[in-house]
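**Q** Shown below is the structure under consideration.
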Amino acid sequence: MILASGSPRRRDLLANLGVPFRVVVSGEAEDRPERDPARLAGELATLKARAVAQSHPDAVVIAADTVVALGEELLGKPADEAENWAFVRRLAGRTHQVYTGVTVLSGGQESGGVERTDVTFRALTDGEIAHYARTGEGLDKAGGYGIQGVGMALVARIDGDYSNVVGFPLTLVIRLLRGAGVAVWGE
């Protein structure tokens, strides 16, 4: 099986399912005109899976992509500390949505889905935001924060799948893998 993602968080979560795999990064661009976050997450996951499957047609390929939305605004990965600060400032005291699309390709069959989780940040001071931005933790993450690290201190509430906010919704992943005939947890 191939994980079409360079994300260390996705790699760790998939490894915890006891599924042997290797990583092949798709190189697929994440910049698309689609503005609906659920459709965008699903479309990007599918494009990544298809890109890797072209070179590995006999493998089961799984890909994922995460999109963070605050109202109509999509928050990608911040370019630098200043943009990271601005993202967290916008999220402070508000509820946003995290969408992760997952696609599995196996034997010419394609299946996928999108998971949504609502995340509410607590009210934050400018000093707290600056401290978090300086950690650099959010620079490689959609929305500019990592819930599995220090970023958990920013969060007041989660409604939905925690692993979705990490970037790999395990309930959806397990369902899709089993549907493709992949044994999970030594089944």
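Quick reminder: no glycine exception, Cβ is built from N, Cα and C everywhere.
What Swiss-Prot shows for this protein is this:
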SITE      Arg9  site 'Important for substrate specificity'
ACT_SITE  Asp65  active site, proton acceptor
SITE      Thr66  site 'Important for substrate specificity'
SITE      Gln148  site 'Important for substrate specificity'
**Q** Using Arg9 (site 'Important for substrate specificity') as the reference point, find which of the recorded positions Asp65, Thr66, Gln148 has the shortest Cα-to-Cα distance to it.
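**A** Nearest candidate: Gln148.
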**Q** Near Gln148 (site 'Important for substrate specificity'), how many other Cβ atoms are within 10 Å of its Cβ?
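**A** For Gln148 (site 'Important for substrate specificity'), the count of other Cβ atoms within 10 Å is 17.
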**Q** Including all protein chains shown, what's the count of other C-beta atoms within 10 A of the C-beta of Arg9 (site 'Important for substrate specificity')?
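**A** There are 19 such Cβ atoms around Arg9 (site 'Important for substrate specificity').
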**Q** Excluding near sequence neighbours, so keeping only residues 6 or more apart in the same chain, what lies with its CB under 8 A of Thr66 (site 'Important for substrate specificity')?
**A** Ala41, Val98, Tyr99, Thr100, Ala142, Asn164, Gly167
**Q** With DSSP assignments reduced to helix, strand and coil, which class does Gln148 (site 'Important for substrate specificity') get?
**A** coil
**Q** For Arg9 (site 'Important for substrate specificity'), which DSSP three-state class applies?
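**A** The three-state answer is helix.
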**Q** Once the DSSP letters are reduced so that anything not helix or strand counts as coil, what is Thr66 (site 'Important for substrate specificity')?
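**A** DSSP assigns Thr66 (site 'Important for substrate specificity') to strand.
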**Q** Counting across all protein chains present, how many other Cβ atoms fall within 10 Å of the Cβ of the residue listed as 'active site, proton acceptor'?
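**A** Looking across every protein chain shown, the total is 29.
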**Q** I'm trying to understand the geometry here, so how far is the Cα atom of Gln148 (site 'Important for substrate specificity') from the Cα atom of Asp65 (active site, proton acceptor), in Å to the nearest whole number?
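**A** Just about 17 Å between their Cα atoms.
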